[in-house]
Amino acid sequence: MDTPGPLATATRTDTTISVAEDGPSSSTSSPTNLDRPTTPSSLSRSTTIQVIDTRPRMDGGAKAWLVVLGSFLIHSFCFAPTETIFGIFELHYHDIFPRANASSIAFVGTVGSAVTYLFGFVAGIVADRFGFRATALFGTLLMTSSLVLSSFVTQLWHLFLTQGI
């Protein structure tokens with residue numbers, strides 16, 4: 001199938017246009033020509049419009065695949081610690097805090113998942129104000145620092161502050 005290039009041609013046909021025509025002027029008519037009869041007529045015209053698409057074409061290439069890779073990494077990093085692999089963290093936290101209740105440790109993951117979705121509204125506002133790149137960079141630094149800090153916890157409530165929130 002042959003696809004058109006950035007230059008495309010569109011054709012528009014107006015079928016009926018009502019136009020008022022002036023009659024012949026005479027020396028006896030008034031200066032405003034209000035006495036002249038007007039008769040509507042139907043005209044048919046065809047107009048050809050040339051549309052030039054000046055937007056850059058995103059048909060693949062290295063830049064497009066880097067965007068896909070970046071999106072994959074951001075999404076997997078945001079959702080993996082709170083939803084996908086929290087069970088691995090939970091087993092490790094049972095070893096570190098043997099006296100802690102299993103539901104208390106599971107609540108850390110619940111809070112982390114809830115905060116991830118609730119702060120999506122805030123992230124949207126921040127992205128509108130500061131741009132997507134700055135927002136993604138800030139979120140990446142925040143998530144990385146909180147996971148690193150969670151490796152140094154000594155009490156369970158520290159996990160709520162670092163990994164949960």
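Yeah, the Cβs are placed from backbone N, Cα and C, and that goes for glycine too.
The compositional bias 'Polar residues' feature in TrEMBL is assigned to 10-35.
Taken from TrEMBL, the feature compositional bias 'Low complexity' covers 36-48.
Assigned with DSSP, the residues of the domain 'Major facilitator superfamily (MFS) profile' (68-165) fall into helix, strand and coil as follows: 85 helix, 0 strand, 13 coil. The domain 'Major facilitator superfamily (MFS) profile' annotation in TrEMBL covers 68-165.
Annotated region 'Disordered' per TrEMBL: 1-48, in sequence order.
Under the heading transmembrane segment, TrEMBL lists 64-82 (among others).
Among the features that TrEMBL reports, transmembrane segment is placed at 102-127 (among others). Only residues 6 or more beyond the boundaries of the transmembrane segment (102-127), in the same chain, are considered here, and those with a CB under 8 A from a CB of the stretch are 78-79, 81-83, 86, 89-90, 93-94, 135, 138-139, 156, 159-160, 163-165.
The transmembrane segment annotation in TrEMBL covers 134-160 (among others).
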